[in-house]
Amino acid sequence: MGWKFKKEIVLVAISFFVFLTSLNNQPQISDLVFNADILYPAILYQDLITDKNPIYEWSLTPSPYFFPDISIFFLIKLFVTGGVESLYLTFFFQAIALLGALLLFVRSGADSEENKNTISQITFFVYSIFLISFSLQSYFFPSFGFAAHGGALVFTFISGALWFSKKDWKRTIVFWCFFGAIQIFLIVSDPLYFFYFSLPCLLYSAEEWIRNKQERNSILLLFLFTGIGLIAYKNLAKADFIFIPTNYYQRDSSWNFLQILWISIQNQIRNTPYSFTALIGFYLLSSLLLLISKGGRKNQNRFSNQISFLIRVLLVSCLGILISGTITGLFQKDGIAIRYLLPLLFIWIPFIIFAFFRLSLSYKKQVFLGFNLFYFIIVVSVLYWGDLRPRLYRDSLADCLDQNREILSLKRGISDFWDSRRIRIFSRKNLRADNYLKDLHPEYWQNSWTWFTKTPEEEYNFAVLPGLDENKLSEEFGEPKHRLPCQKHEILIWDSKSKERFVRFREKKKEEVELWHKLTGRKQIL
């Protein structure tokens, strides 16, 4: 397919360059890409492969992201060792995967090779413009959420393409083994996939069966695989190495869905008014274009199945997440975070593609002339207002600690959750910092129990502020020997005289962890 679209591939390549520069040059995007939560697969790889700690000592997230996120990241680490470089490559592949999934989905509704080529060209243009826009905005960037439901979004389109594939292929055992495995693995890896694809597809297929009395076996098989996935996740969630924090505190269950919805909308209007308005505008524009382009007999039913399916994905994912999160007490005063609603952030893109494809059947020359003109305008805008300097991200905290490691004999440290991740992944001198709560209790989230129970090769001798209680630190370890300013952080450093205090501190923390295991019914630490 690639040689047919030389021009479009060049445009996509330019767009990917702009996209990759935005990972560092756009502060809001940089905060998302190099965020501690996104570093979860990197931390897991470092602990299991580099530090050789066992998997059963881990506290994995409620969405463990086994597939595709962790699987792809572990594969990337076979070839790239640097923490920053591996993240750049990860987001590059994430963007490539979303483009590939989108192409599979939109081509699944084309009825001829010529139409497949036309809609592919339109997809390249629309996606290229979407990528370039990140030099100017960051609101839609969570669509690429690595270890943040982006994989579920990608496989929503891949699964949709499979569902709309040729009927002969859908009747084979190979298809259902492959399709069923995807459903089970994705639901177990990221339960939001159930709301992104499984439930909307069941609803769409049931409606189709009621109208046409066809595909009954397909619905039953989809229901079976979805059920297996949900049961498997439920059993996995009971395992010791899956840690769901909300199971350990009182949650206020509610049925007031409208209140949570209103809070969520208010937060969007308050925090990102222009971007939220743009999102609404894109859906209004795409709806208008779909309505206009539907005119004429030859356009009447083109991609109607795909559009109908995506409408259900949009509605079911938003309503399903709203209802489940409200009932379980997950969404309270803060409402729904936009990072959970990736279909809402992205589905206007295929709507735009379908609309322009329909228009291209009557006005092909004008449509592609418009795309070329708009692409040129946005490139000029990016050159004028954007920052295209190709610079790799450098973490100021990790760099500061690396520069002073030998000078101040830095060994192993303690910090809060956010700084611990940055130090572990971005330190080029293999520094480690274990994450503690402000009151110096171990934090049981996205880490290994061995950090608190295993005797390290090097004892603690520094702590990172803010994030920890300085008075508590002084009570435990005495006054620090040195204080090192690192931009927004202050590093407290103790000398060898405090070593015994740190040893006693670790022994106390080990007892705390063992007590926590006992109180929560977990297996005792070996």
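Using the three backbone atoms N, Cα and C, a Cβ is placed for every residue, glycine included.
Nobody curates TrEMBL annotations by hand; they come from automatic prediction.
Over in TrEMBL, the protein carries these features:
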type	residues	note
TRANSMEM	87-106	transmembrane segment
TRANSMEM	118-140	transmembrane segment
TRANSMEM	146-164	transmembrane segment
TRANSMEM	173-196	transmembrane segment
TRANSMEM	216-233	transmembrane segment
TRANSMEM	275-292	transmembrane segment
TRANSMEM	313-331	transmembrane segment
TRANSMEM	337-357	transmembrane segment
TRANSMEM	369-386	transmembrane segment
For the transmembrane segment (118-140), distant same-chain residues with Cβ under 8 A (at least six beyond the ends): 1, 4-5, 8-9, 11-12, 14-16, 18-19, 21-22, 25-26, 28-29, 32, 95, 99, 102-103, 106-107, 110, 272, 275-276, 278-279, 345-346, 349, 352-353, 356-357, 360, 364, 367-368, 371, 374-375, 378-379, 381-382, 385-388
The transmembrane segment (313-331) in contact with the transmembrane segment (173-196), cutoff 8 A, at least 3 CB pairs, sep 6+: yes
CB contact flag for the transmembrane segment (216-233) and the transmembrane segment (275-292), at least three pairs under 8 A: no
Candidate ranges 173-196, 275-292, 337-357 - greatest C-beta contact count to the transmembrane segment (87-106) (under 8 angstroms): 337-357
Residue numbers, six or more beyond the limits of the transmembrane segment (275-292), whose CB comes under 8 Å of its CB atoms: 137, 139-140, 268-269, 307, 344-345, 348, 351-352, 354-356, 358-359
